Amino acid sequence: MEIGVRVLMAFLLHQIVYVDGMEEGGREACVPGFQVKNYQVAYNGPFLKDQPLIQVEFDDCAGNKNATFDASDPSFYVDADLNLAPQRDVVDCQPVLFIHGVSAHADDIAQVEITGLPLQVNTLRDIMRLEQRLPYRSKRSLYAPPMTVTENQRGPFPRVLGRLEVSTTDLAGNIAEGPVMLVITVIDQNDNRPIFKEAQYTGEVLEGSPTGTTVMTMTAFDADDPGTDNAALRYSIIRQSPNKPFPNMFHIDAERGDIVTVISPALLDRETLPTTTYELEIVAKDMAGSEVGLTGTATATITITDKNDHAPEFTHPLFEAHVPEGSTGVVINLSIDDRDDPATGAWRAIYSIISGDPTHSFEFQTNPDSNEGMLSVVKPLNYEATAFHTLLVKVENEDPLVPGVSYGPSSTVAVHVIVEDINEGPVFFPDPLHVTRNENIPVGSFVATLNATDPDTRTIQSIRYAILRDPAGWLGVNPVRGTVNTSAALDRESPYVHDNKYTALFVAVDNGIPPASGTGTLIIHLEDFNDNAPYVVPSVAQVCEDAHDMNVAIVGGWDKDLPPNAAPFKIELGKQPGLDKTWKVSRVNATHSQIMLLQSLKKANYQLPLLITDSGMPPLSNNTEVKVQVCICKKNKKICSSAHSHFSSLLVMLATLLLVLLCKYPHTEPPQGALTFSVGSPPSSSFKDLKINKILQTFNQQN
């Protein structure tokens, strides 16, 4: 079949006049009519109804108002957007159409050439009939017979193709007018080899696939005329590598290029084939495969992919592991054999324990590199409880097995785990051990008996006890019997006691080889005893000397002991004579009392002796002092004495009191509760002489 390469040779019998002039401003003058006279449309199958083919360019230089268009073929029309479109689905039409455009300012014709149509020979009679069908006045046409020429002709050029025989009149005797189309057909020669789109093709086929399974499609391209044998390709396999188990394992469809399997499903076994990759050399030949055809080659690489058609099998009928009791971690690796493709779901193994692990003490993980099953102990094993474990283990693949293949006896195995005995340290029970004791028990009193047992029940071992941590050093332990006694007084108010609890740590050591030890805790809950006298807070109070309110301060009692050895407190004036003339103490509640002045005092610092008593059985009392500062108060400023004591207003009373004390108690302490004036901290008997010397020194300085 010839390739239609149409060359339009227009013999114009009328002259197109161009206006060789410019409008003002340098712009070309507008020429009314079609701005482009010739158009081409490619025919690639039927023209669909209302589908635009081209857009023509028409300008009557006045806005195209009321412009109309007619096509020489009634199967086509021009829409409002100047698009040429079919009135209906068009399968066959003339190779040349004419479009007539008319407006008040223009009357012009454009030509549309349709290329790619099946070759037709139009006689002069056909052309004349076409002219008669035109909806507008058309020009009478000449007829030029078609000519042919073979491609790749050799020179010299130019070469004569033929003669153009003109008939200058139509059937009615009228002179024929141009233009006329001369169709020259170029005859194709086989001058192009088939070319594959790719030099290397790859494909896969699953092992066990049925005979005739399509693997891939090879496609080549030939630039010659597709309507001739010059581009009629045929495919063939000229080489298979390797050529085992037989050389024709695959077949290629000669026309379509589809490569299919020829080998039977039973022989297409990835595990038994000599290789999993085959290389085919494919040839495409034109001229429908004849001997004179040109050829092109490409390579196809086909991989036989794996499916799970082999169950994993353990390499040994029994595995044995030795595990020290109390340890965890991997204890053994179970190896398997799987003939499927490594690193695929058909090869990767999953291990599970079917029986023998009621306490869930074991666990499996798969080594991703070796596919081995790593058995681990996740809960420590006890030799004394169970010295021997038998696990039944099963192995499966991630992917399910293909139908007809199942897991056999070799996919399960027994694993013996032998627990090895080790010397375990003694265990205290209970731990911690809680006991309750009174804080005032005598030294050497019994506190508790420690109880530590040896887990190694299958051997006889002795245990000895020792103190590991005794913060206050209050305890002792019998190394053999484990009895704990006090070695010092227990004190609930000690800084080593927290929340009334004293904690000590003990150790028990057996005589195994090597010895093993264990620790235990003893917590002593201490009950309170009234062994702490109460005291008064605050120790300093201030009052203005001219205050109308004689209330000095509210003081409270504090006690390190617990109820009922603490509050309610009784707070009263000391026993010194004359205090009740100036001071008064009134109870506010169970813990606090109010100090009041009965008469005004001058600016000075006064030490007020108080006696506080708790509610213990028996009760404890404490003589304490509150320093009362009488200050001069002016607006927001308070001026208090900076001296520790001031005696100007009590000189006579002080001198008299000192003489009485020295005469009555020449070699003893002042009577309990005596009013004293201190320079520093509250008085104590060890500083008796110092206090008296200070008082006398101050008295002499002021006089």
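Heads up, the Cβ atoms here are built off N, Cα and C, so glycines get one too.
TrEMBL lists 1-21 with the feature signal peptide. According to TrEMBL, the feature domain 'Cadherin' maps to 164-196, 197-314, 315-428, 429-536, 559-647.
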Secondary structure composition of the domain 'Cadherin' (429-536) [DSSP: H/G/I, E/B, coil]: 0 helix, 50 strand, 58 coil
Helix, strand and coil counts within the domain 'Cadherin' (197-314) (DSSP): 6 helix, 50 strand, 62 coil
Counts of helix, strand and coil residues, the domain 'Cadherin' (559-647), according to DSSP: 4 helix, 42 strand, 43 coil
Tally of residues which DSSP labels helix, strand or coil - the domain 'Cadherin' (315-428): 3 helix, 53 strand, 58 coil
